[in-house]
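As recorded in Swiss-Prot, the features of this protein are as follows:
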- P85, V86, G87, K88, G89, L90, K91, S92, S93, S94, A95: ATP binding site (BINDING)
Amino acid sequence: MRGLGKGSSAITVVNAFATGKGGAIGIDLWTEAKVKITDGEVKGKILVNGLEFNDFRVVNAVLDVMRRYSGIEFGIEFEINSEIPVGKGLKSSSAVANALVEAIARALRLNIPGIKVVKLGVEAAKKAGVTLTGAFDDACASYFGGLCLTDNLRVELLKRIEIDELPVVILVPNETVLTEELKGVDFLKIAPYVEEAFKLAIKGEWKKALVLNGLIYSTFLSYPPEPISKALHLGAVVGLSGKGPSVFAITDEPERIEEVWREFGDVIITSTR
């Protein structure tokens, strides 16, 4: 029995670290998982932009969660191909979890509603230790697309807003920041300000929300201000994705942003979905 699943990257509108409530927008960068059900053996590979990635925590956690959910003891042969950079704030873990849960569900012929696929993926991400809040906002945006606003503590989708297909430029610095590295940071210090950003997002003013969120978190986490500053000067809507270090810009002139960001790291041009 075989199955195929997909999950996309996403960009942050409001980071849930400070308040437990967050929002993200799906973008057109993908992770694909192919699985074959076996009698018990677990083997496979993860490729990120063609390079082998040897952290299998999310895979093992998804397998545990799906065994328990289905009541079936099984193994898998898997191949995961991703075009989402890891440790850059671009929801790579959410995309892998969604893709793998969906692939296993299809292989086992389980009819699971989309929101349950997402919740199983979030459970696995928590189990794997790759999220501080459960990242339900990221997981919803990865699975459903559009803007998803959530209460991550209650695992509740509060609002989903369709987003037009808009050009997105992503700056991917060389630095990698893993979520587990932030466990000692007291994000409550910025909670009152992040709460205001979330209120804007719920009202539909998500562009204002993501700029405010980006300024708050990038300053609090001491990221260099130049990339955001340069993009704001060009009239772009600019934010920090997740915990960073990736910065993104929504703009009608992606080539201009790409030009000024090249000195800071790799640049990807994609779109919202």
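Cβ atoms are placed via backbone N, Cα and C, with glycine included.
Shown on the structure are the features that Swiss-Prot records.
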residue	record	CB count, 10 Å
P85	ATP binding site	19
G87	ATP binding site	19
G89	ATP binding site	27
K91	ATP binding site	30
S93	ATP binding site	30
A95	ATP binding site	32
Taking the centre of the Cβ atoms of P85, V86, G87, K88, G89, L90, K91, S92, S93, S94, A95 as the ATP site, the remaining residues of that chain with Cβ inside 8 Å are S9, I84, G242
